[in-house]
Protein chains: 2
Amino acid sequence: MLVNVPTDSDFSIHNLPFGIFSDSNNQTPRVGVAIGDQILDLHVLASAGLFEGCGEFSQNAVKGSLNDFMGYTSKEWRFVRQQISEFLTNDSHAVRLALPRHGLEALVEQSDSTMHLPCKIGDYTDFYASKEHATNVGTMFRGKDNALNPNWKHLPIGYHGRASSVVVSDTPITRPMGQRVLKMGEPPQFGPCMKMDFELEMALLVGKGNKLGDRIDIKDANEYIFGVVLMNDWSARDIQAWEYVPLGPFLGKNFGTTISPWVVTLDALEPFLVDIPTQDPTPLEYLQDSSKSGYDINLTVSIKPETSERYTTLSKSNLKYMYWSLKQQLTHHTVGGCNMNPGDLIGTGTISGPTPDSFGSMLELSWNGSNKICVNDENPEDFRCFLNDYDTIKLSGHCEKNGIRVGFGDCVGQILPAKTQ
Amino acid sequence: MLVNVPTDSDFSIHNLPFGIFSDSNNQTPRVGVAIGDQILDLHVLASAGLFEGCGEFSQNAVKGSLNDFMGYTSKEWRFVRQQISEFLTNDSHAVRLALPRHGLEALVEQSDSTMHLPCKIGDYTDFYASKEHATNVGTMFRGKDNALNPNWKHLPIGYHGRASSVVVSDTPITRPMGQRVLKMGEPPQFGPCMKMDFELEMALLVGKGNKLGDRIDIKDANEYIFGVVLMNDWSARDIQAWEYVPLGPFLGKNFGTTISPWVVTLDALEPFLVDIPTQDPTPLEYLQDSSKSGYDINLTVSIKPETSERYTTLSKSNLKYMYWSLKQQLTHHTVGGCNMNPGDLIGTGTISGPTPDSFGSMLELSWNGSNKICVNDENPEDFRCFLNDYDTIKLSGHCEKNGIRVGFGDCVGQILPAKTQ
């Protein structure tokens, strides 16, 4: 093995996620693969001939986004991943032996690198696919008996989000200004969001697309999914509450959405497939899928207040709780003929689990401000209902089974104060 | 004048809208300006040196989209338009005289051309800015006393739409399949949309953008608007009705949105500025604007059923009825820091007038199926409540004042049958 990977690393040889990076020696963003604490520079490997035989990947590895590669077939994605795996594990690999002769260095330290958005995101959609989350929100605002809307169990509810404001992990997020109602029944006032929140989500990135008017059959859906990232769908609850009837969330969401930089492929996640929760009523035929389509991915949200040096855990959840699968979301999205393009982002919606310590937002954890949440293990006096300025939120996620670990790295963002002028 | 422009032409010398075209002699999409029945080929004019002195426009005129040009300042947009105006009107213009010497032909027949999308649309937003439309829809579904939601008069309600399925005029639209409830209270069924509708809209295309976290002040808003097009926001009313609570329209809209190909600049529309309707209550300060910001633009919707050779008028409306101005829409959109990019599309929502013959959708014209609408002047037996397969809908719009006419051309789309397999 070329790289020594610690056993608790998210980026084992079983993972090999793709991302776009630059480093102090070469500031051109290019395709890399995370391995342990390192990044394998695919630009270098392409120039050394590792991807000969794989169409135009040698050229595309040079580019500053994954879109072209995403548009390949799943067979081609696999070929590239297989070449990389062999390069890393075969100590007598011809390309490996040739690199020093050409003065090439294939590895870059992650700590010396800057990560960029993995692709240009043409369209971004967010679903609402966790029954626990939808039930919590519904219970808060409509009472326990009407928690789930009549449509919720028949289709994956979703909405179009803002693609331009999707940013990569470590980008600061400015608290939005906006209209919110301070006292029920009174006119709205303009000012900084007072109910700033995170949402623990994952998201798929579309691989090859479909044409306008065509649809993706559920049995083929995985062929259209390039991979998965963590996503924090930052939410301004007070702005959202005032604006969202009847056309849905708008300014309450479009000031920023953070994704993790490393795209973990479905192939890497395959060992962690599990059944999704029982769906009752049985969905309509186009959404029916007898294969395993849930993923056992442990998810953690932690917070670092301005006054603290360390993170405190806010929530532990798991993607396996999600009611509607990724395949069902993608299939439903295209059933009316909506066209997908490589790099489109499709979020799951907040992934809450069944117990209060697994809820995926401050809205749920604090039950819309009724409970104060401790945000600092070392200082039980430091609590809040929503996020303060300079709070940093970190999402992390990993799978583990039979000694194999595949993780997502971190998805981090810090809240900056609103620009009041 | 280089071109003889009929008095009823949308494309007078006062208009000079920008678009992307190709023709049988040169199939490369490139920038053109409509004049009478002709297109002025800016690629040719750039190569003849007409735009020297205007930054990189000479290169950008060659491109197959307007995005780069849109990202210029309004001063630069004006300079280019001024150069074109002089070229057309000055019979001794040096570039005009030089063209034949170089064997160059600056004009192409519109009838011999294919129009393309004017730009790559990064994000598409649709507002709901007509009080008449919102009141009609609200009355139908919630009764007259609760027609407008409490937020409606305080902010321009809007939602994010699907950018990938925005198409240019003359692209056929496939009737979507989807879930809809046939009988209230019963489970949904899967099948072709049974309430296919158009929406008469206009839309602005963003010029230069703003950075994430910044906002556009209302007094500067026009500097960020490159121009305006007609838009048909095709709607599947039955699919929309079932899915839209609580996150807004999704598959009911994202199967296709049609825009007209020629982008009419705000400069061309300036003579037709009028006051917007009185806003009561006075909006919050960031939305206040004492300048004239409405536009007197006559809008017509007509239909051509499969059995007919000619169009029959369905509705006549006007942009001047719209409650929230284009400037207010753009300002509100960015007030929380949402970033705009050149070429982003922002629709007005359905533009309905005060009388039933000015309603901008079949939903309103037929009052959700209660009234049958004649779709063929020559056959009073040909009526319907929503659109049939092979119906063609045409939107058109023009301004006229003191003998000056500025128009938008047509925005056309035909409904094709659903793909049931």
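Any Cβ shown, glycine's included, is placed from N, Cα and C.
For the Mg(2+) site that TrEMBL gives as A:Lys253, A:Thr257, the extra residue drawn from A:Asp233, A:Asp238, A:Asp275 is A:Asp233. For the substrate site that TrEMBL gives as A:Tyr128, A:Arg142, A:Gln240, A:Tyr244, the extra residue drawn from A:Thr7, A:Thr350, A:Thr355, A:Thr392 is A:Thr350. What TrEMBL records for the Ca(2+) site is A:Glu199, A:Glu201, and among A:Asp123, A:Asp126, A:Asp267, A:Asp280 the residue it adds there is A:Asp126. For chain B, the nearby recorded positions by a Cβ gap under 8 A, listed in sequence order, are A:Tyr128, A:Tyr244, drawn from A:Tyr128, A:His133, A:Arg142, A:Asp233, A:Tyr244, A:Thr350. Counted within 10 Å of its Cβ, the other Cβ atoms near A:Glu199 (Ca(2+) binding site) come to 27, all protein chains included. Those residues of the chain, other than A:Asp233, A:Lys253, A:Thr257, with a C-beta within 8 angstroms of the mean position of the Mg(2+) site C-beta atoms are A:Asp126, A:Gly161, A:Arg162, A:Ser165, A:Glu199, A:Met231, A:Asn232, A:Trp234, A:Ser235, A:Asn254, A:Gly256, A:Gly347. Separation of the C-alpha atoms of A:Arg142 (substrate binding site) and A:Glu201 (Ca(2+) binding site): 24 Å, rounded to the nearest whole number.
Applying DSSP to the domain 'Fumarylacetoacetase N-terminal' (A:14-118) sorts its residues as follows: 41 helix, 23 strand, 41 coil. Neighbour density at the Cβ, taken as the number of other Cβ atoms within 10 Å, is lowest among the binding-site residues A:Arg142, A:Lys253 for A:Arg142. Taking only the Cα positions, the spacing between A:His133 (active site, proton acceptor) and A:Thr257 (Mg(2+) binding site) is 19 angstrom. For the binding-site residues A:Asp233, A:Gln240, A:Tyr244, A:Lys253, A:Thr350, a Cα to Cα distance of within 10 angstroms from A:Glu201 (Ca(2+) binding site) holds for A:Asp233, A:Thr350. A:Gln240 (substrate binding site) sits 13 Å from A:Asp233 (Mg(2+) binding site), taking the Cα positions as reference. Within the model, the domain 'Fumarylacetoacetase N-terminal' (A:14-118) shows a mean pLDDT value of 92, rounded to a whole number.
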